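Features of the protein shown, as given by Swiss-Prot:
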- GLY85, ASN116: anthranilate 1 binding site (BINDING)
- GLY85, 88-89, THR93, 95-98, 113-121, SER125: 5-phospho-alpha-D-ribose 1-diphosphate binding site (BINDING)
- SER97, GLU230: Mg(2+) 1 binding site (BINDING)
- ARG171: anthranilate 2 binding site (BINDING)
- ASP229, GLU230: Mg(2+) 2 binding site (BINDING)
Amino acid sequence: MASWPELIGALLARESLDSARTAWAMDQIMAGAATPAQIAGFAVALRAKGETPAEIGGLIAAMRAHAAPLRIPDEIRARAVDTCGTGGDRSNTVNLSTMAALVVAGAGVPVIKHGNRAASSACGSADLLAELGVAIDLPPAGVEACLRAAGIAFCFARIFHPAMRHVGGPRAEIGVPTAFNILGPLTNPAEPGAQAVGVADARLAPVVAQVLADRGTRALVFRGDDGLDELTPTTTSTIWVIPGGQPSAAGEAAGQTAAPPRREQFDPRDVGIHVPDIAVLRGADAPHNAAVTRALLAGEPGPVRDTVLLAAAASLVAAAGPTDAAITEQIAAALPRAAHAIDSGAAAAVLDRWTDASQAAAAAAAIAR
C-alpha cells in the first residue's frame, strides 16, 4: 500500500517511481483524498527529481479513470488530430493552435481539440471559441454531433475532467511548472490517433514525446528555441518526430517502451517563413483574438497567417503519420494544403458549421436536462 511519505520520500531521494505508484497518487488527488500540502509536495518533489515517461504515464492513467467517458467511433478517432499544446510560455500570443485547428478541419482532417479557459494568458482556447459563437460546455453526445456535422469538436476540460478541480489551488499557489502543466494535451478524452503538441518546458518536451511514442500515437512534439510552445516563426524549433503505431501487448506487459522519437531542428526560413519579432503575434482578450481569427479566416496575409500555417502543416503531417523524410520536407509539402483551406473558404465554413452544430447540441442538452 503506497503512502504520501513513501512516495515523496522516494522522490526526495531522487528515486524514480513506477507508473503504479504515480497512478495511486493521482487517484488520491482526483478522489479529493489528498490535502493541498500533499499535492504540492508531490508535484514539487517530482519536478525536482525530474519526471520520467513512466511516472507521467501513471498520472495519465489515473486521470483518465476519473474522466467522463467519451466514445468516438474508431474510424473517426483513428484519423483525428488534436492541436492542444501545454501553454505556459508566457508569450501571450493569439490562439495559434486553435486557429490551426480550424484550418486543419478545413483541409478535411477531423479535429478533436482538448482545451480549457485561460490559465497563464488573457484568452484560452475555450474563451476564444465561446467568443466565436461555439458552445463549449457540451456533453459527450454533443461533442460527437459536432464532429460529425463540422469535422471538428471541442472537449472542454472542465466537463470531462471535473476532478482536476482539486489541483487548481495548489498548482496556482506553487507558481512554477510541474507535471500537471503537461497533462492537458495527454488526456484528451477522445484519444485521437494523432497529435501536434507544443511544449513550453524544455525539460518536459522529450518526456511528452516519449509518452506519445509509448502510446502509439502519430505525433509531432515541438518547442520553439525562443521558448514558444509552438513552431516559432522567429527562429529555429526543436521537433520530436513520432511515426506512431500500436505498441504490442507483450511489450507493454514487459514494461518496454517504444523507440525514442527522432529529434530534428526546423528553421521556418527553409520553408519561406520568417517573422522578425514575436511581438506582432501578441494577443489580448477574447474579443480581440476572435477578431484576429476572423481576419485570418477571411484570408488576411501577415505574420499570424504565416505562423498558423506552420502549426496547421505540422498537424497535417502528424495526422498523416510522419515519415522517414526530413521534417522540413514534410512540413513544406503540407503548407499548400493548409493555405488552400484558408483561401478556398473551407476553414471559415468549418467555423460556421461548428457554431450551428454546437448551438443545436447545447439546446438539445438543455431540453434533456
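Including glycine, each Cβ sits where the backbone N, Cα and C put it.
Scoring each of the binding-site residues (HIS114, ARG117) by how many neighbouring Cβ atoms lie within 10 Å, the top position goes to HIS114.
The Cβ of the residue listed as 'anthranilate 2 binding site' lies under 8 Å from the Cβ of ALA43, THR178, PHE180, ASN181, each of these being in the same chain and 6 or more residues away along the sequence. Annotated pair HIS114 (5-phospho-alpha-D-ribose 1-diphosphate binding site) and GLY85 (anthranilate 1 binding site), C-alpha to C-alpha distance, rounded: 9 Å. Between ARG117 (5-phospho-alpha-D-ribose 1-diphosphate binding site) and ASP229 (Mg(2+) 2 binding site), the C-alpha separation comes to 17 Å. It is GLU230 that, of the binding-site residues ASP229, GLU230, has its Cβ surrounded by the most other Cβ atoms within 10 Å. According to DSSP, ARG171 (anthranilate 2 binding site) sits within a helical segment.
Around the Cβ of ASN116 (anthranilate 1 binding site), a 10 Å sphere holds 20 further Cβ atoms from the protein chains shown. The Cα atom of ASP229 (Mg(2+) 2 binding site) lies nearest to that of GLY85, taking the binding-site residues GLY85, THR93, ASN116 as the candidates.
A C-beta separation below 8 Å, combined with a sequence spacing of at least six in one chain, links SER97 (5-phospho-alpha-D-ribose 1-diphosphate binding site) to THR83, CYS84, GLY85, SER125, ALA196, GLY198, GLU230, ALA311. Between the listed binding-site residues, namely GLY85, THR93, the fewest other CB atoms within 10 angstroms of a CB are found at THR93. DSSP assigns SER97 (5-phospho-alpha-D-ribose 1-diphosphate binding site) to a helix in the three-state reduction.
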